[in-house]
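> I have a structure I would like to understand better, so I am pasting it below and will then ask my questions one at a time.
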């Protein structure tokens, strides 16, 4: 396809009149706006058709190397394992294929057995757990259309099941209730003294800051353990909620107090930002199942708990791009079923895409997708421009077509001038569905040019569907919300002891879903499947269809601190590569909201503290900017230039001694060796300063969150490796 043919194709569109636009915009803002221009598409097409870097054709003038010439119209050869990657040996050669056949057969058998096990568990719960009044209350819960009605129904179900008594009892094995109770009491006392004012009020304000530095951190004393939100449909322990409210009130008091200097406040909130971290929303891939993310976004937005840092991969990247380039007011108008009228990426008939697949090796045309995608990204908007417009940080995971090069997480820090729609296309370029594409960058004059020497990129889900490690490196993301819709992963999601907002109902929450035997069999089969997938990968048994190691789509981490699993139906698999109708998108929006409602209380408790810290940072002249954040809002992630004052260390030591003495008296504390000699200054370690009450955190660290059993991939271990292949834009 040439540039001229592309221009003719784009100009064939019939123009609309103003009257037509008013009648057919379906209430969507910018419905008829074409944000991208033909020149940008032409530059993209030139970059796609540009020849790759030529290989060596002569050793010297007298020794030419004759290269094979590919005939026109012939598909490029799919890359295979090179000689360096192929194992040698007689036994390996003889046993590789028989062993691979045995392993694949065993995996198929285990998969069938797993489906039967899940069916048994569903029947067990249907006949033994959800009966009578429980079932009626559960149906009422699932039929709600907004969060307020859902919350009322959840409270009614909790009351019927007797979960309110669990909330009132502070003791629980998964957090340190004694430490939390002591800190709440001290916060309340110091806050009252600070509000009273006077000489004692100023000293109390300093002590309050010291205590806040010690307790405002990620998962302090285990209060962010998901288990604390998995025993009820709504809410958590009353003591935990009391801590959240008291910490929020105390931070507000410090923020507005006249008894503290501006320098003291600035140092405090920088410290808290480093210790507490940021919340990030990750949207997985999943083809057209990614439209369930719209419902997740709508639920978070309507309840004002949508994080500013958003990551998307494959189909999730398209949703994330829409969110990151629109304001809250625009999003509320766009997240409606009528948005389906704007989703036309899969409208070609079978005769069209079948011929294209035969000619190009991919079902969809890159240029058509570029035009469709540009509306969701507001034309050739770059990552930096999107950040400056909305204050949201967009991250898109892309994988190089070379199987051994590192992945990139494109955002306004690593690739500020990269055009968003090109990154979204690259993240969605599944082999056989869409050919690898070239990323584009915007030059100072506004024109586009190839990014990273014209290297081509493909679907990020193949290796880093949920790039949590990279997000932590760049943005100090210590709390993750993952919306997971991949069909090959959703099938195997099962929480035998309940999840956030979805407790086990029988035996007062202390039982197992499907009984102990059902849960044990489910867990055993799942772990055995994971084991054999790793065996195939490490023994290099799998071939590479379409030049891709497909074992990575199973052997990644797909969950976060809070994982949202929208409930799909079998028809979704049939329409997995089809545009949604208004009715289907309405159902997806509803299901996305329904599965998000149980998680909102957990998320809102986290965001309540995080936003007060952000407000405190905005009062810092070095951080405040024109938007919600400064152009460098994450500076404290690596800031090591803020030493603690000597008197603050002395106050910290005195207060820490008092707290430790109280815990020793109650028998809830054991001495542990300190990592710093007495009198040595406290300095940041690896970009994070030790808190003033590190001992309390260390003692409470025995209560760990539930972790994912799946081993992270190599890309998760090393998410960002300096972009040695020219992946940064100057």
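Cβ from N, Cα, C; glycine included.
Source: prediction; values computed, not measured.
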> Can you dig out which of the ranges 307-311, 312-316, 317-321, 322-326 Swiss-Prot describes as motif 'GXSXG'?
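Feature motif 'GXSXG' in Swiss-Prot: residues 312-316.
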> In Swiss-Prot, which of 76-96, 97-117, 118-138 is tagged transmembrane segment?
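So the range that Swiss-Prot calls transmembrane segment is 97-117.
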> Run through the motif 'GXSXG' (312-316) and tell me, per DSSP, how many residues are helix, strand and coil.
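Helix, strand and coil residues of the motif 'GXSXG' (312-316) number 2 helix, 1 strand, 2 coil.
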